[in-house]
Every structure is written in C-alpha cells, then in structure tokens.
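Notes follow once the structure below has been shown.
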Amino acid sequence: MAPFVEVCRYKPVPLSLSSLCTCPCRSSPRKSLILPHFSEKYPNLGLIDSKALTRSRFCRIPVNRRIITAVARAESNQIGDDGEEHSRDQELQIIEEDSSVDDQKQKSRSQFKKRVIFGLGIGLSVGGIVLAGGWVFTAALAAAVLLSAREYFELVRSKGIAQGMTPPPRYLSRVCSIICALMPILTLYFGHIDISVTSAAFVVAMALLLQRGNPRFSQLSSTMFGLFYCGYLPCFWVKLRCGIGRSWPIILGGQAHWTVGLVAILISFCGIIASDTFAFLGGKAFGKTPLISISPKKTWEGAVAGLVGCISITILLSKSLSWPQPLVSTIAFGVLNFFGSVFGDLTESMIKRDAGVKDSGSLIPGHGGILDRVDSYIFTGALAYSFVRLHGV
C-alpha cells in the first residue's frame, strides 16, 4: 500500500470535493478547499503520495466522511460570512453616499436661504439709498467703490494672475483704491471728473515709472484699468442721479421730486435684477448650449430668458413711471441694460478666471464679495447715462 504523509508536516494544499472522489487527471471547475492544520486532532487524515497517484487509476484517501463534510461546511460558512461582510460594506457605502448627498442638499438649501435673506436686505437698502439721492447716494457709492477697488487689486495680486505678470506694488494699489473712492464725491460737487481722472492717471503712471527695480507694462495696464473699471465708470450713476435739477433737502440730502435720472436708475436697477433672475431660472430649466468659455455655467437659453425678462420689466415700469414714452425707446433701453449687465458680469468672470478664484471676496454671506454683486452695474451706468442724454434730457 502507498505510504501516507501527515498534513501537519507540510503546507496545506487546495483540494476540491470532486478530486476526493474522482480521478486526478480530470479537471473540475468547482472551488477548492484548503485543509487546515488539524492532523493532531484527526490523525487518520492523510494524503496519498504523488507517485501512487500516477500508478493507480483511482485515488483513495483514507479519510472520514464526517471530516470532509465538516470542512465543506466550514468553507461554506466562511464564504457566507465573506458575502455578508461584503453586503454590509455595500450597505454602509450606500448609507454614506446618501448621507453625503443629504449634506450637500442641506448645505445648498442653507446657502440659498442666506442668499435670499441678504439679497432682500441689500435690495431694500439700495432702494432707500437711491430714493434719498444726493450725498447719501454718493457716500454709499463711494464706499462700494472703495471695497470693489480693494477686491480688484487683490485679484490682480493673486497667484493665478501674478504668475503671468508683475502686479503693482501694494502701496500703489491702496492709493488707487482711495482715488477710486474719491471720484464719485468729486463728480457730485464738480459735475465732471475728466481733469481729476487725467491728473490721477498721470501721477500713478509716474509713480510706477520711478519706482525701484524694473517697471513693467503689466503694472501700468492693470493699474490704469483699475482706475477706469472701479473708479471712473461708477461715477456715471452719480451723474445720472444727481446731475439733473439739483435741490438739496437738509435731512436726506436728495432731490424732493422725481427726475428722469431717478426714473432711469430705478428702471436700470430693476432691469438688471430681472435679467439675472430670468437668466438663472431659464438656464437652469432649459440651458444646454454654453454661452462663452470664461463662464461655463452661462448658456444661450439663459441669456435669451434674461433678455426677455429685462425688456418685460422695462416696459412695465415705463408704463407706470411714464418714461421713456415710445415703445421702441423702451425696448432699446431694456436691451441696453441687458447687454451692459452681461458685459460687466463676463468681464469680472474673466478676471476671476485668470486669478483662479470663484468669488472676489467673502464680505457678503451667500453672495461673495462686493465686486461679485456690482459687476453687472459697472458698465450699465455709462450706457444708461448716454441713453438719457441722447433723448435730450
């Protein structure tokens, strides 16, 4: 009879149930069992020698059937335990994904709630300031210009833009921010700031050229654009609100009667708000075609919805406020406000994209920085003032 070898002296080998009963030359697709180290407990369990396997036609292993049954049950239990653990892991993963989705939804809801609350607060405050006019309107605009200019120069000094260009010195950025804040005040009291802006630009350019080190054109261009973008363009709102029919109440400092400038500002502000709202809702519901690469979330469908909303609000307000009278002029004023709003928004998106940031700041919860809220109004003031002047007012 062939010699026997105990399992405990050798490494356990994989065996299948079919190989215990059939010829070793037949392959079986079933799973194999690994016999554990238990020869001391079951001394009758042994393995036949490999030479004997080749000699005999059938292999016989003197092993108790109960042991084989126990091993098979142990393996099936182990496989069942692994399956249960795998299913539990899948359930835990699904629960974690559901919780993360719920957290994101809750976070988006809280952000939307903050956005609505602060938006309503800002809207009511701005409405009261616009109605007050005069130095109240000018002082509020100067404060917004100062904060916007500081955010602009911080964007210019950010890593994304500074890698491709040399930003202006920090002290010069602060000086330019103060100059931008003074421009609306000078516009209120002098009516125009052409000489002031030219003088300020000359002084800033000379300071850049005479600085230590090597002056760069990128410093000059970014500074000049900052004076124009953050300082000069917002002054047209002061010209529109306070430049026609000056009368100064003692308390509010504004005009006691409704003027064309006040009506134009109210229509422009409401048109910009309607444009942003309708563009957001239309893009979310129907948006499929991207508008431009610098702002991937904007779509042509949203832009069309914003244009329709801006023109509709302009027509409704013109009927209530009796300006402008012709329907063609009303539609043209709505289109002008829409394009000024979109162009200002895209310009700020281009600056933020080059800077590699999502928001210009974090001053307003749920909205970002000041520049994020006033970007649509920067170019619109100049366009609205030009429209009013072309109508002979």
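Just so it is clear, glycine is given a Cβ too, placed from its N, Cα and C backbone atoms.
Annotated in TrEMBL:
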type: TRANSMEM; residues: 116-149; note: transmembrane segment
type: TRANSMEM; residues: 189-210; note: transmembrane segment
type: TRANSMEM; residues: 222-240; note: transmembrane segment
type: TRANSMEM; residues: 260-281; note: transmembrane segment
type: TRANSMEM; residues: 302-321; note: transmembrane segment
type: TRANSMEM; residues: 327-346; note: transmembrane segment
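For the transmembrane segment (116-149), the residues of the chain that approach it from at least six positions outside its boundaries are 176-178, 180-185, 187-188, 226, 230-231, 234, 237-238, 241-242, 248-249, 252-255, 262, 265-266, 269, 273, 361, 363-367, 369-371, 373-374, judged by C-beta separation under 8 angstroms.
Counting same-chain residues at least six beyond the ends of the transmembrane segment (302-321), those with a Cβ under 8 angstroms from any Cβ of the stretch are 258, 263, 266-267, 270-272, 274-284, 286-287, 291, 327, 330-331, 333-335, 337-338, 341-342. If one looks beyond the transmembrane segment (260-281) by at least 6 residues along the same chain, the residues whose Cβ comes under 8 Å of a Cβ in the stretch are 123, 126, 130-131, 133, 237, 239-244, 298, 302-303, 305-310, 312-314, 317-318, 321, 323, 333-334, 337-338, 341-342, 376-377, 380-381, 384, 387-388, 393.
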